[in-house]
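Look at Swiss-Prot and you will find 1-22 tagged as signal peptide. Residues annotated as disulfide bond in Swiss-Prot: 46-61, 53-65, 60-70. The site 'Important for calcium channel binding' feature in Swiss-Prot is assigned to 58; the stated evidence is similarity to another entry.
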């Protein structure tokens, strides 16, 4: 019985802490779009405009591969 009560109190406490920190961090991320593009360019291995490419590899970042160039 005591163990059940301790477990319930612990779950309620952890839930309350998560809700409090979620409300505190709301609106603090300033440049969401910039972070997304930076993260994408770092996480993928793609080639920039003018780089050599293959149509079957899909390795151009923004452009499609035409005539062997991005």
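Cβ atoms are placed via backbone N, Cα and C, with glycine included.
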Worksheet item: Using C-alpha atoms, which one of the recorded positions 53, 58, 60, 65, 70 comes nearest to residue 46 (disulfide bond)?
Response: 60
Worksheet item: Between residue 65 (disulfide bond) and residue 58 (site 'Important for calcium channel binding'), what C-alpha distance do you get in Å?
Response: 7
Fill in: Alpha-carbon spacing, residue 70 (disulfide bond) to residue 53 (disulfide bond), which is rounded to whole Å
6
Worksheet, complete the sentence: Same-chain residues at least 6 positions away from residue 53 (disulfide bond) with a Cβ under 8 Å from its Cβ, in sequence order, are 47, 59, 60, 65, 68, 69, 70
Worksheet item: When neighbour density is defined as the number of other C-beta atoms within 10 angstroms of a residue's C-beta, which of the disulfide-bonded residues 60, 61, 65 has the lowest density?
Response: 61
Item to complete: Tell me the Cβ contacts of residue 58 (site 'Important for calcium channel binding') under 8 Å, same chain only and six or more apart in sequence, or just say none.
Response: 65
